[in-house]
Every structure is written in C-alpha cells, then in structure tokens.
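Asker: Quick paste from TrEMBL:
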REGION    1-60  region 'Disordered'
COMPBIAS  20-60  compositional bias 'Low complexity'
REGION    308-332  region 'Disordered'
COMPBIAS  310-323  compositional bias 'Pro residues'
DOMAIN    431-557  domain 'Small nuclear ribonucleoprotein Prp3 C-terminal'
Amino acid sequence: MQKELAEKLKKIPSLNKGPSSSSVVTTGTVQRPVSTVPTSVATGPSSSSVPPASAAVASVKPPTTGMPAVPGLASIPNLEAVKRAQELAAKMGFRQDPQFAPLINLFPGQVQVDVPVPQKPTKAPVLRVDALGREIDEHGNIINVTKPSNLSTLKVNINKQKKDAFQILKPELEVDPESNPHFDTRMGIDKNKLLRPKRMTFQFVEEGKWSKDAEVIKLKSQFGEAKAKELKAKQAQLAKAKADINPNLIEVSERIITKEKPKDPIPEIEWWDLPILVSGSYDDIPDGVLCEDKLKKEKITIYVEHPRPIEPPAEPAPPPPQPLKLTKKEQKKLRTQRRLAREKDKQEMIRQGLIEPPKPKVKLSNLMKVLGSEATQDPTKLEMEIRSAAAEREQAHVDRNIARKLTPAERREKKERKLFDDPNMVETIVSVYRINDLSDPKTRFKVDVNAQENRLTGCAVISEGITVVVVEGGSKSIKRYGKLMLRRINWAEAVKDDKDGDEDEDEEKPPNKCVLVWQGSVAKSSFNRFSVHECITEAAAKKVFADARVAHYWDLAVNFSENDF
C-alpha cells in the first residue's frame with residue numbers, strides 16, 4: 001500500500017499540466033491575504049523553455065460566499081482517487097509534502113496552516129547599572145525589579161506559611177489578669193495559657209541518681225515489683241541515715257518544721273500475752289505472781305516464735321578493709337600464684353578451641369624428642385628452620401624489652417620522682433644551720449651548688465664571725481642536704497689559710513663547726529631561689545632575712561647555744 005501511494009503521489013504533478021505555471025489558492029475561511037507559493041513544476045522538454053521570471057504571482061481576495069474555484073482542479077481526472085490517497089496517507093502517518101501543497105493540502109474544506117518563518121536572533125540584553133548599583137534602562141530610568149519570594153513547594157512549609165499568615169496574636173500577661181481592673185472576661189482569653197511560665201533554672205542531677213535507677217530496674221527484673229519496692233525502701237532508709245547533709249538541698253527560704261509521726265500508745269495488754277491469759281488483761285496478776293489456773297495451757301507449745309528481725313535504721317556500714325602491707329616474700333608468692341592462674345586459664349581456652357595453641361618450641365637439644373621420625377628425613381633443612389625459629393624468638397624477646405624500655409623523658413621523670421618529692425605537696429620543710437666560718441671557697445661552692453641541685457630555696461648570709469644558712473624544700477632534698485652539712489664536710493679543715501695573720505689569734509678562735517639550729521615545716525616557702533650574701537655588719541645580715549619576713553631565723557641562729565640541747 002505504501003508503494004502504491006508513493007506512485008500515485010508522483011503522478012499528481014503530471015495531471016496538473018496547464019497553460020499557467022502557477023496558481024493561487026485561497027480559502028474562504030482565512031480573513032487575511034495568503035502569500036502565494038510558486039509551484040511551477042515542469043516535466044518534459046517543453047517546460048524548460050519557460051523562464052522562471054515569467055511565473056506570475058498574484059493574490060486573490062477570498063469570496064464572500066461559497067468555495068473558491070481552484071484553477072486546474074476541475075481538469076484533474078480521478079479526483080476522488082486523489083482524495084482517498086490523501087486520507088490514507090494521513091491515517092498512515094505520512095507528513096505533508098510541501099512540494100504538493102497546492103494540490104493535496106488545499107482541497108475544499110481544509111485550511112492552509114502558515115509555516116512559521118524563523119526570525120533572526122535578537123541582541124543579548126545589556127545590563128546597565130548606575131553609581132548606586134541600581135538597574136537602569138538605555139534612557140537612564142530606574143527599573144523596579146521585584147525581588148523573588150521564597151516559594152516552598154513542600155506541603156508542610158506551605159501549611160506553616162498559611163498558619164503564620166493568619167496567626168492571631170494574643171497579649172502576654174505578666175501577672176494574674178483577674179487582678180487587673182481593665183481585664184474583660186467576655187473576651188474569651190484563657191489566663192492559664194497567657195500567663196508567662198517561670199524561667200527555667202539549672203536542675204542539677206544528684207550524685208548516684210542514674211546508678212540508683214539502674215539498680216531499681218535490676219531488682220524489678222530479679223525479684224518482681226513488690227519485692228523491688230520493699231528493697232528500695234530499705235536502701236533509702238539506710239542511705240538517709242548514712243549520708244551527710246547535702247548543701248545543695250538546704251532551703252534558702254524559711255524552713256517548714258515537719259511534725260514527727262506520733263508513737264502508738266502503750267496498750268493495756270501486749271499482743272503476745274493476749275492469747276495466753278484467760279481474762280485477757282493484767283488484772284489477774286496484781287502482785288506480779290501468775291497462777292497456772294489463769295493461763296491457757298493449750299496455747300503453750302514446744303514451738304518458739306521468732307519475730308522477723310528488723311534492720312536498725314541508723315546502724316553504720318562496716319568500714320572497708322584496709323590493704324595489708326605485704327613483705328617481699330609474700331609479694332613474690334602472690335605474683336607466682338597470679339601467673340599460674342593466668343596460665344591455667346590460657347590452657348583451658350586452648351582446650352576449648354577459643355584460641356590457637358602455641359607452636360612447639362623446638363630446639364636442637366629436644367629435636368628428636370619433639371619431632372621423632374620427621375627429624376631424620378631432611379636434617380639440614382630442619383636444622384635451618386630450628387635455628388631461624390630460635391633467632392626469631394630471641395628477636396621477639398629483644399623487641400619486647402625495647403618496647404618496655406622507658407624513653408629519655410620518662411627516665412628523667414622517674415629519676416626526678418625518685419630524687420625529689422612531689423612538687424604539689426603542701427608541706428615545706430625548713431632547716432636553719434649555723435656555721436662559724438664559711439670563708440673557704442671550696443666549701444662555699446659545695447654549700448651553694450648542692451642546694452641548687454637539690455632544688456632548695458633559701459640563702460646563706462656570711463657575716464663577721466657567724467654564717468647562717470637557711471634552706472627550704474621537700475623532705476628528701478632536706479635529708480640529703482643535711483647529710484652534706486653535718487657529715488660529709490670536714491668543717492675543722494674547711495678554713496681559709498691566712499698566712500699574714502698572727503698565730504696567736506688563730507689559737508684563740510674556737511674550732512670551726514656546723515650545727516643544726518632548727519628544723520620544721522611551714523605553710524609556704526619564703527625564698528624564690530638559693531643565694532649567697534656577704535654582709536659587713538649584723539644589721540645588714542638581718543635585713544636580708546627581714547626582707548623575706550623571716551627575721552626570726554637570724555635571731556634563732558645568733559642566740560643559739562649548744563647547752564640548750
């Protein structure tokens with residue numbers, strides 16, 4: 001069918017042969033002039049002689065009534081066949097061929113559709129801005145551009161925008177509205193909703209709150225609701241008796257005195273005597289002597305009633321056990337027991353298959369015992385494997401030692417921790433020494449440098465006939481410095497030789513020695529570092545201590561005598 005239709009469409013131009021080479025077709029339904037399209041189709045040698053300029057193009061006004069007459073249309077034979085071909089082509093989806101528009105597309109009852117003519121692209125818009133950054137046109141006028149509003153397409157946001165747009169603002173009341181004389185109750189304002197809530201304050205969680213809640217849940221899962229409540233009440237009662245007063249729970253305002261629960265009145269007869277006495281009262285026992293005829297002997301049995309014990313509410317908890325001070329031998333014994341228990345747990349896990357068993361430790365000495373017949377198959381290869389495994393074990397041992405070895409900083413910190421006390425210690429120990437003569441430069445150097453190396457603060461004041469040394473620091477440093485001053489230095493020989501002096505004056509001088517005048521602890525140190533001062537007069541020497549607010553150290557050293565000990 002497609003082939004037949006294509007052949008019929010090819011024959012249509014030959015049927016439209018006539019004297020005129022172009023025709024203008026207009027329909028009565030179009031109200032504007034239609035531009036004619038030249039359709040000079042020449043077939044054969046006769047059409048080539050006609051020049052293209054001779055094609056006449058005319059516009060015909062549409063008639064007022066009736067269908068227009070199409071030139072050459074009446075002379076077409078088989079007009080009905082052409083119409084059927086056109087309808088069939090439209091049903092089969094063929095596009096209209098513009099070459100055959102005058103004949104196929106312009107049958108009576110159809111309207112020619114104007115073909116859109118492509119327009120030339122317009123120039124790109126130019127953005128013009130004035131000095132203030134506002135957009136202007138080519139004449140300098142300001143262009144008002146509306147800002148795009150945020151349009152949300154989500155239904156939730158659209159509903160929220162609508163709700164915000166139509167929200168009714170109600171007044172916020174600071175105080176009770178009923179106390180206001182201008183408040184009208186007929187307005188339908190709920191005062192409870194409009195009153196401002198109290199400002200939120202810090203709600204501190206008490207220590208142990210979450211652990212108590214976890215314990216309550218655990219008790220509920222183990223013993224049930226009723227038993228858990230009972231245990232919780234007991235624990236709360238014990239904790240209330242044990243715990244100290246929490247300062248956060250003390251009320252700042254006036255306290256309300258709570259009345260104690262009144263005690264039960266003393267009954268006329270106790271409940272344990274009621275089922276035994278015949279009369280049910282103590283009137284039958286006036287003098288405290290009870291006769292057998294006044295007792296219900298059938299109520300007395302061999303069974304003893306034990307009342308349920310009640311834990312005392314104020315009984316303090318037992319103190320925790322104090323750690324024992326173990327000897328070296330006991331510490332070694334405990335270490336061995338811990339290692340054996342750890343090895344036993346490891347063997348149990350290997351037996352259960354939880355961890356991999358270690359490889360057999362094969363050495364050249366136990367080669368035949370471990371491997372047996374396998375050792376004789378390739379002894380050279382086996383020996384190499386054993387030696388490499390031994391070297392690997394040795395290297396692993398060395399690596400473990402290196403990993404456990406302290407870094408230089410850690411080693412220095414450990415040494416400082418061993419030599420000196422904790423710097424955060426509150427207690428500071430002070431020692432005051434008195435020396436008769438400190439003129440020897442070697443001895444003076446030892447006194448100064450040892451104080452600095454032991455991180456001690458203080459001063460050494462050298463005056464005529466007396467020297468006072470004050471040091472402050474930790475207990476270990478003070479102990480080492482005391483050994484230097486009282487044991488290591490030979491003060492009798494530590495005297496500067498003066499050859500020019502008279503020998504008589506040397507004989508009159510007392511022997512040089514160092515004594516500890518006073519040692520005790522103070523709240524804080526009075527000196528920032530250790531320094532040596534040489535003073536000519538005693539007043540200048542005392543001023544050194546007075547500047548540090550410890551002038552009494554000088555008085556102690558000057559007034560000291562060995563007979564006081």
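Keep in mind that glycine also has a Cβ here, set from the backbone N, Cα and C atoms.
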Asker: Counting by DSSP secondary structure, give me helix, strand and coil numbers for the region 'Disordered' (308-332).
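Answerer: Per DSSP, the residues of the region 'Disordered' (308-332) fall into 5 helix, 0 strand, 20 coil.
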Asker: Let's see if you can do this one: DSSP helix, strand and coil counts over the domain 'Small nuclear ribonucleoprotein Prp3 C-terminal' (431-557), in that order.
Answerer: 50 helix, 34 strand, 43 coil
Asker: Taking all residues of the domain 'Small nuclear ribonucleoprotein Prp3 C-terminal' (431-557) together, what is their mean pLDDT?
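Answerer: Over the domain 'Small nuclear ribonucleoprotein Prp3 C-terminal' (431-557), the predicted model scores a mean pLDDT of 88.
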